[in-house]
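Below: one structure, written as structure tokens.
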Amino acid sequence: MSDKVKGKKQEEKDQSLRVQILVYRCMGIDLWSPTMANDRPWLTFVTMGPLFLFMVPMFLAAHEYITQVSLLSDTLGSTFASMLTLVKFLLFCYHRKEFVGLIYHIRAILAKEIEVWPDAREIIEVENQSDQMLSLTYTRCFGLAGIFAALKPFVGIILSSIRGDEIHLELPHNGVYPYDLQVVMFYVPTYLWNVMASYSAVTMALCVDSLLFFFTYNVCAIFKIAKHRMIHLPAVGGKEELEGLVQVLLLHQKGLQIADHIADKYRPLIFLQFFLSALQICFIGFQVADLFPNPQSLYFIAFVGSLLIALFIYSKCGENIKSASLDFGNGLYETNWTDFSPPTKRALLIAAMRAQRPCQMKGYFFEASMATFSTIVRSAVSYIMMLRSFNA
């Protein structure tokens, strides 16, 4: 039986990766395959093509509005979001074979642990449920932001009609085009282009981010299983006792290697996610403060909310891996180490020294942690106030 068939059968059984499989299918990508053999490339082209082309009018708009803080902040918020999505798409394409291989590798490790220690199933199920709940919440928040973006122009039209003002056709995202957008025959296809670009930006971001959730929660499951096996390690003495300890330490080592591998592949993305999200929160937060309580501010509120949630979840994933890796060290002290034989105690001492060094997900200058999240939010609020003073 092929790895792909095994993976699909196991997915049907434990119901993990459901959200990830769905969002990747929406982009025409088969997450179970390390190649494009089972993809629908036409769907990927139809979704990502408009987003790549959409960067041109947005860059032109950023240049056009360079002296207008309000319009520039609106334009740059969308531009940075699109740029980040394109980076995520290219990152997945470049590392696809490794990511898919890592999925099978993690699932094989966990399946083997269930055979060795049946109680591991409960830990794995809890972590996968948390992953799916987080991925589903994340999907809903980003979907809501996309819906608000599509509806934003109609809110302006309705308000203009109620006030009796002249109707001015607007787009979900600012851009500069070589034709008059007030002409309906030009406006409609451009609006659809904007909506398709929004769909691509939201869905591709969900693909790569939700896959990170799967990796982090399952690595945490490996660390937790290693901790519980360590706590319940019997003090039987002799070679059998030492062999049992070695098996647990090997499992912990696998978790460390996978965590380091994930951190290495996601390092550029973590850096851009934190850096660009901080800039986006500044610019879009300025729009919220400038427009509130205008109904059009609902879109920007949803946008800022999705940015904060994305930043929070990245920080939470990094914090979870860090805590789980350190928690394994606590498990070493909860064992019956006083009853172990001298060779086992010596091995346990070395393991305790290594467990003091946590796994960290870093994006060069940024560590994915709750402390970094708090710092960015506090700094963003200060910059929003500064932008408001420029616009006063």
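Using N, Cα and C of the backbone, Cβ positions are placed for all residues, glycine too.
Database features, via Swiss-Prot:
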type	residues	note
TOPO_DOM	1-41	topological domain 'Cytoplasmic'
TOPO_DOM	63-74	topological domain 'Extracellular'
TOPO_DOM	96-141	topological domain 'Cytoplasmic'
TOPO_DOM	163-202	topological domain 'Extracellular'
TOPO_DOM	224-268	topological domain 'Cytoplasmic'
TOPO_DOM	290-297	topological domain 'Extracellular'
TOPO_DOM	319-362	topological domain 'Cytoplasmic'
TOPO_DOM	384-392	topological domain 'Extracellular'
TRANSMEM	42-62	transmembrane segment
TRANSMEM	75-95	transmembrane segment
TRANSMEM	142-162	transmembrane segment
TRANSMEM	203-223	transmembrane segment
TRANSMEM	269-289	transmembrane segment
TRANSMEM	298-318	transmembrane segment
TRANSMEM	363-383	transmembrane segment
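For the transmembrane segment (203-223), same-chain residues at least 6 beyond its ends with a Cβ under 8 Å from one of its own Cβ atoms are 16-17, 19-20, 23-24, 26-27, 29, 31, 47-48, 51, 81, 84-85, 88-89, 91-92, 99, 102-103, 106-107, 109-110, 113, 123-124, 127-128, 130-131, 134-135, 138-139, 142, 251-252, 254-255, 258-259, 262, 266, 269, 310, 313-314, 317-318, 320-321, 324-325, 327-328, 361. Counting residues 6+ beyond its ends, the transmembrane segment (75-95) has Cβ neighbours under 8 Å at 48, 51-52, 54-55, 58-59, 61-62, 65, 173-175, 197, 200-201, 204-205, 207-209, 211, 265-266, 268-269, 272-273, 276-277, 279-280, 283-284, 287, 303 in the same chain. Sequence-distant contacts of the topological domain 'Cytoplasmic' (224-268), counting only residues of its own chain at least 6 positions beyond either end whose CB sits under 8 Å from a CB of the stretch, comprise 87, 91, 95, 98-99, 102, 105-106, 109-110, 113, 116-117, 119-120, 123-124, 127, 212, 215-216, 321, 324-325, 327-328, 330-332, 334-336, 339-341, 343-344, 347-348, 351, 355, 359-364.
Counting residue by residue with DSSP, the topological domain 'Cytoplasmic' (224-268) contains 39 helix, 0 strand, 6 coil.
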